[in-house]
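Student: First the structure, which I've put down as structure tokens, then a few questions once you've had a look.
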Amino acid sequence: MTRRQLMLLFVAALAVAWPLLPEFTATVFSYIGLYALVAAGLVMLTGVGGMTSFGQAAFVAIGAYATAWVCTSPTAAAALSALPPPLWPWVGLALGLALTFVLAWALGGITVKLSGHYLPLCTIAWGLGLYYLFGNLQALGGQTGITGLPALSVFGISLASPRVLGPVIWTVLLLTLWALHNLLDSREGRAIRALKSGRLMAESMGVDTARQRARVFVLAALLAALSGWLYAHMQRFVNPTPFGLNVGIEYLFMAVVGGAGHLWGAVLGAMLITLLKEQLQDWLPRLLGASGNFEQIVFGLLMVLVLQRFAEGLWPTVARWSGRWLRPEREGRRGVPPCALPARAMQPAGALLLEARAVTKRFGGLVANSAVDLTLRAGEVHALIGPNGAGKSTFFNMVSGVDDPTEGEVRLLDTPMQGRPSREFAARGLGRTFQHVRLLGERSVLENVALGAHLRGRRGWWAAMLRLDRAEEAALLVEARRQIERCGLGAFADRPAASLALGQQRVVEIARALAGNPVALLLDEPAAGLRHLEKQALAGLLAQLRGEGLGILVVEHDMEFVMNLADRVTVLEFGTVIAEGTPDAVQRNPRVLDAYLGGAEPAAPPTSATAAAAVLEPAA
Ligand code: ADP
Ligand code: MG
């Protein structure tokens, strides 16, 4: 049996047993479905996207209150007199989703840009704010809330009892999980996962991180509002209590305890926490012989223990156990042949790709780059060298859109790039790697490399959720695998990136850059951590890419590697270019020797690249 079959079995068992369950159990399972819907949104937001929210209960409240108001207020009744009352809840749903959409978009626009603990703090702020707002609005019944909500009815069938509404809730939940699973298994899903590793890498792969974060935020809020709508029509009344901050925290608990990185973790977490609280409420007073909110105390302690023991949540552990006796999922997605991906025309050899004109960068009083001129042409390897702190990484950031020059100009394919974000550099054909490797360690090499091809796909969220993107997705994965094989890592394609040696991870970054079909490649210390044979293979690969017409700008400390490979070398010292020319000329340049040796003249000029390497090896 595979995991998917086990899931289907679980759902089928639930469906068969449903009519036989006691009324109370059916109600509990309905609640679990509702909670899991909110928690699934949190899995996307927190576990996958890396944004912690304590405020989801507020969005549940909007969904619940919107429909309560539409279905009970005289104002709404007057406005909706043309519609038969059984349709009013649907108007309530539309209103709740619309309000949530607008509010989440506005809140998200402001808050998701915040980093560190500011975002969670903000979610607490609005969670509290909305809770008190609902409690104080007399139009919404204040602390008493609104009673007398109608039951939902679909095609004349009343969904009044949890026994009938429950299956609807679980159907909504399962469809949601299916759509979210599809979304994560797509180019947009890779972009969402990339958010967790910070802006820098994702933007360099062409992901609009601000937009992507805001969308995930809105998605999670809409799921919460949907849950609130169902909740209101199941309860048939609403008041502020179930939407307080403590409930918001509990939703987060569900996602985290279940396993915030996994969609089914949301269901597991919702189920465990709901059943646990249920049982504690039953048993504790009997055990202790007194009544009180003891369950909250024990519950809190249990959460601490679980989180301490299972930092990733319970789902990964469950998955590992079950992996022992479950067959792995069969690969080989049937059918859809890959479509063609757009490919960039290579520039003719010698064409100017990247140009820095008198680029200066100041950090306060420190001049990290001072009027640096540099060009990169198609079909060449241009090395940028210099002692530590010379300003190489600063320069890299400016020619890749991470940072703007204080003065001077950067042009990519003859377009001035002033003020443009790095994703536009990527869109115009610039691929790059990072000095400190930035991969999604838990994801496979294949997925990491496919992220590099992000901009070569077009299909968006809806297409992904409905699985209309399969031909494009197949093509992106084929392309990623091709680049991995080209870089000699074919055997590792399906391993988690973190399981590779550091040197290999650097090569994965090159494959990822290549998947974007760049015309210019920026490599920050690609040979660091590679063994001798690996360096040779890398040099071979770069020479091959140069032969195909790419322009490669490389920062590297290994002088033997640089001098054997580069066509031109530029030497930086204290932010200033002190030499530029062929490797031979640069190695003979007295200023260069001076910079590296601190004034000592070599007895004889170095004769071979290796001898020069010994001299030029930076002291630091
Ligand atoms: P390299 O990559 O050649 O070792 P860097 O470009 O990292 O050198 O740094 C050049 C100089 O600029 C260093 O003195 C460094 O301390 C300084 N620097 C780099 N980034 C910043 C920053 N964000 N703020 C202030 N100073 C910086
Ligand atoms: Mg550096």
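Backbone N, Cα and C atoms are what each Cβ position is placed from, and that goes for glycine too.
Just so it is clear, the model here is predicted, and its values are computed rather than measured.
The feature domain 'ABC transporter' is assigned by TrEMBL to 354-599. Residues or ranges marked as transmembrane segment in TrEMBL: 32-51, 58-81, 87-106, 154-180, 214-232, 252-275, 287-307.
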Student: Considering pairs 6 or more residues apart, do the transmembrane segment (154-180) and the transmembrane segment (252-275) have at least three CB pairs under 8 Å?
Tutor: yes
Student: Six or more residues out from either end of the transmembrane segment (32-51), which same-chain residues have a Cβ under 8 Å from its Cβ atoms?
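Tutor: Non-local partners: 57, 60, 112, 119, 166, 169-170, 172-173, 176-177, 180, 184, 192-193, 195-196, 213, 216-217, 219-224, 226-227, 230-231, 234, 251-252, 254-256, 258-263, 265-267, 269-271, 273-275, 313.
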Student: How about the transmembrane segment (214-232) and the transmembrane segment (252-275): do they have 3 or more C-beta pairs under 8 A, pairs 6 or more apart in sequence?
Tutor: no
Student: Of the listed stretches (58-81, 87-106, 252-275), which one yields the highest count of Cβ-Cβ distances below 8 Å with the transmembrane segment (287-307)?
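Tutor: Top-ranked stretch among 58-81, 87-106, 252-275: 252-275.
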